[in-house]
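What follows is one structure encoded as structure tokens, with my remarks underneath.
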Amino acid sequence: MRFIKNHVGSLIAWILIVVISIFMLPNVNQLTREHSTISLPANVQSEVASTIGNHWGHHQNNTYQVVAVFNNKNGAMSKADQKNVNKTIRYLKRHKSELGIKSMLTPYENSATKKNLISKDKTTELVQMNVSKKETVSNINKKLTKAVKTNGIRTYITGADILQDDFSGAIQEGIKKTEVISVIFIFIVLILVFRSPIVPLISLLTVGVSFITAFSIVTNLVKDFNFPFSNFTQVFMVIVLFGIGTDYNILLYDRFKANLGNGMDKFEAAKNAQWNAGKTILMSGSSILIGFSALGLARFSVYKSASGVAIGVAVLLIVLLTLNMFFMTTMGKTMFWPVKTFNGETESPFWRFLSKHSLAHPIIALVLVLAALSPFYFTYQNKLNYDDTAEISDSTPSKQGFLVVQKHFSKGTAEPATLYIKSNHTLDNEKDLKLIDQLTEQIKHTKGVKTVASVTQPSGSKIKKLYVTSQMKTVNNGVSTARNGISKLSAGSQQMTNGLNSAATGTNQLNSGINSAATGANQLTSGLAQLSSGGNQMTNGLNQLSAGSQQLVNGMNQMSQQLSSQLTGANASQLQQLESGLPQINEGIQKLNSALQSQGTSIDTTGIQNNLQNVASQAQIIGDQLTQAGNTLKSIQGSSSSSSSSASLSSVMTQFKAAESQANLNDQQKAVMEGAMQQILSGIQSQIASQTNSQTSALSSQLQSVAQNLQTAGNADKSLAGSLQNVAGSASSLQNLSTQVATLKAQVAQLAQASNVALPGAVSALQQLTSGLNQIQSALGQGTSALGQLNTGINKLAAASPQLSNGINSAYSGSQQLSSGMGQLSSGSLQLNTGINKLAQSSPQITNGLNQLNSGLASGQSYLTGLQKSAAAETFYIPKSVLHSKTFKPAIDNYLSSNRKITKITIVFDTNPSDEKATNDAENISNMARKSLKGTALSNATVAMGGQSSRINDIKKTASSDFVRTAAIMLIGIGIALMLITHSLLQPVYILGSLLLAYISSLSINHWLVGIFMHRSMLAWNTPFFSFIMLIALGVDYSIFLMTRYREIDENKYLPGERIYYACAIIGTVVISAAIILSGTFAALIPSGIPTLIEVAMTVIVGLIILVIILPIVMTSTIYLSYPIRNHVKDNQNKRKD
């Protein structure tokens, strides 16, 4: 029975619960760091941007963005410093897997990184890294901090995640300080209040049990069910539970002490205190429970995370009303040792004074309150600081690195904004890149923007070669060149027109000449046929001489080779030798012919021998000269010219006729040879005029044939001379040769007759050669006078040789080819004539067309020049060859996602990205981007702004809207609770009005205090909300204390004014004590060094002071005015009943 009566079961139960709670408590530091990031609704644009960024690819998914800072505090980095930094960078690259680095961007990778990652003063370099989230931020920070240490250089690891982690760590350290300070402060205050060391220990123990149990429940809910949690959850649980827990304990212990003083035993006193004070505690706790539970309906994670305090309050109420019963029933009066007198409730002179004068002058009292607090309301500025980095001490390494980046780069460099554009199609095409570039230019010209980098401008500036203005310059240069060329073509076309007209006339003449040449070629073929027939008849007679003349041929060949090696000089020298040798050859032939014809049928051996010797000598000379002529013709064959004029050909014909007269030819022979010569000259004239390749080839072939025939004739003469010398050397042989000489005479006669027919063909071939050679025209003019006699003699001698017959056959075959070629030439000449006539007709049209084209190009160039200088030329255009080139690939990889459907534009503001201006600029830019893309290929793309500025803007919007919403829910819930507690509709209004007035005034006063003591122009962005929930939820406690006491006074004996007066006098001590304890508890947050916690603490402390002052005034005045009963309150304590 005593076991139950002393509530030992409660003790045992809570001991077990605490043990289990401690055992089940997870890693709080890790849990806090994991949930330190503020979570926003999924539909706000910074969260949309974050989601898009998580699907970026390129090894950037699920990574932390970290920046390594290398800084030389003494000035620009030296070469040695840069060498050390590069050494560190190489170390990072080699150990990427060990350090968890998925990708990194270093200063010296390209011109863009060099520009963006090296400060202008050359003192600072940055390395951007994406680090895997497999490890905690804290571990990553430790590893990288160690890895980047560089000799002679200050190094830091910073970034949004690193800063947030350090902020969490700072809060954890601050909580530890707060807990210790709170416990010490509460212990001291409770000793002062109860004048006993035991009561403070019991109070701290019960509150401690509540906190451990509640915190274990909350953290396990976070771990297993993702219950709302943040950096502030633990610290607010500590402050609230120790603050209101101590207040409730004071209320409970004070009633227990009063009951003991009234003569109750410890069991009755404890039960009475549990019932009476317990009702007040439950009603007060329920309002706080409702207030903090309402935060669970918030949408903003930071606000929602404070709902864990509601669990703490619920556990606290259970612990205080159960575990305290064990100590009160067990210890009784010993709890208050060494106090031995147990007085009842003590009154508060301060509250009694305020309440009494408020009853006497209620309206004046309310006016004075409003007059005192109104200035704070009207001077309140709702400008808040959303820069979370301000929460971190400047001595923190990550904060130091952040400040170094801000100092040596633009303030926005450390935390740039990122505009994401997500499309349903790939963006690596000219059309979409043009839109992206246009948007990039718009953003660059937005006020407040420092630099902008995108896929089209990776270095933050335009790539000139990818813009129409640069490309138009190249086009204009090309047009100018084209116009110059067309002008030349036009002039050339005009000259061509004139030339074609002349050519048309010339082709008509050419066609006529070719026809004449064809006729002559046919006659030449007929003459050569006759010559071939006569040569065949002569061949049989010469066969007997061929055997004896072989040795002569071989010797002459050797001499020919020697002479050929000597005749390699200039053509002019060879022609001069030929010119001087032709008369000698002609004279020798004449002497040989006379000698042979002067012999009779009977031969004198001695005379014959002498004559043969003469013949041999002349034949040797003839052979040498003919060999020289043949070699000369071969050597000059390739240099033949077609520049001979008609006058030269006429001169040649005149000299040919003179040669005929000297050769003693008959009229028939002259007629045949002159006709053939005339046809050949006509053909040569036509061929020279045509200047075609086919004519040159054919002429070259004929010259080669004639040269071979002449060489052969020379060799035959040498053979004949050798034979005659052999005959002269043997007398007996001469006798035998008489018959052969007779035969030779007959054959020579026949040869002379045949040569009269063949000579014109050979002479004509020689004339075709000589007519085309400009170099020897003058020499040929002198040599042709004796050509007739020379050819007659050559034909007579050639008749004795089979080689002459073969040459004639070859000439005959060549004449047939010439005839066929002349037919083709005639056909081609007709086609050429037709084509030239057509071309001559169309050439003026070509000239006019070229002139028109040139004029059109001039107009086009004028337009293009104007376009180049206009704003329209500042348009992006990327050729496919550049788009898919290696040089453009880094830009594609850095600013387009791996699937090429997402692009990002990096924006650096010229102000702190956490400033209000930067946050507004971020929102304006994202709105501008959406408008700019409407009606384009990217009109359906998702546009979202990420980065610190956008995130702060979303936090600002979300926090502001959720503040109003959550505050409304909280006030409605507390208002309903107050209605149930007070059984009144007006009293909750008075209470909530007092709380709101105290809240607004405390914020305004705190803004002033922060400026004085913390040198900050703005409050932290979450200070108003946390101050609100603390003041409203905790301040309503004191109102409930007062109104509960008000209702306990018998309304049948006292008027409403008297009841509120007596309630204020009695409860004032409790409220003031509770306010002092709660203020002290919040004051324990100040040494934490966290600006937000300090500001919240100061606001709550100021608010509690205001509330302690105005609460008795407002409640007394409003209740007095609410019940229009005129009476005077008499301060008679003996009359009062509780």
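Glycine is treated like the rest: Cβ placed from N, Cα and C.
What you see is a predicted model, and the numbers here were worked out from it, not measured in a lab.
Listed ranges 201-222, 751-772; the one TrEMBL annotates as transmembrane segment is 201-222.
Among the recorded stretches 7-25, 201-222, 234-253, 1019-1040, the one sharing the largest number of Cβ pairs closer than 8 Å with the transmembrane segment (306-327) is 201-222. Residues 14, 17-18, 20-22, 24-26, 28, 31, 35, 183, 186-187, 190, 228-229, 233-234, 237-238, 241-242, 245-246, 249-250, 253, 308, 311-312, 314-316, 319-320, 323-324, 327, 335 of the same chain lie 6+ residues outside the transmembrane segment (201-222) yet bring a C-beta within less than 8 angstroms of a C-beta in it. The list of residues near the transmembrane segment (989-1013) in space but at least 6 beyond its ends in sequence, with Cβ under 8 angstroms from a Cβ of it, reads 369, 373, 376-377, 379-381, 971, 974-975, 978, 1019, 1023-1024, 1027-1028, 1031-1032, 1035-1036, 1039, 1043, 1095, 1098-1100, 1102-1103, 1106-1107, 1110-1111, 1114-1115, 1118-1119. The stretches the transmembrane segment (1098-1123) and the transmembrane segment (359-378) meet in space: the count of Cβ pairs below 8 angstroms, excluding pairs fewer than 6 apart in sequence, reaches at least three. In this chain, the transmembrane segment (963-982) lies out of contact with the transmembrane segment (234-253); the count of Cβ pairs under 8 Å, excluding pairs fewer than 6 apart in sequence, is fewer than 3. Remote same-chain partners of the transmembrane segment (281-300), defined as residues 6 or more beyond its termini with a Cβ less than 8 Å from a stretch Cβ, comprise 40-41, 228, 240, 244, 248, 251-252, 306-307, 309-310, 313-314, 316-317, 320-321, 955, 958-959, 962, 965-966, 969-970, 973-974, 976-978, 981, 1029, 1032-1034, 1036-1037, 1040-1041, 1044. If one looks beyond the transmembrane segment (963-982) by at least 6 residues along the same chain, the residues whose Cβ comes under 8 Å of a Cβ in the stretch are 283, 286-287, 290-291, 293-295, 297-300, 303, 988-989, 991-992, 1024-1025, 1028-1029, 1032-1033, 1036, 1039-1040, 1043-1044, 1047. When Cβ-Cβ distances below 8 Å are used as the criterion, the transmembrane segment (1019-1040) is approached by residues 232, 236, 239-240, 243-244, 247, 280, 283-284, 287-288, 291-292, 295, 302-303, 306, 382, 384-386, 390-391, 955-956, 959, 963, 966-967, 970-971, 974, 978, 981, 991-992, 994-996, 998-999, 1002-1003, 1006-1007, 1010, 1071, 1074-1075, 1078, 1082, 1091-1092, 1095-1096, 1099-1100, 1103-1104, 1107-1108, 1111, 1115 of the same chain, each at least six residues removed from its ends. In the predicted model, the domain 'Membrane transport protein MMPL' (890-1111) has a mean pLDDT of 89.
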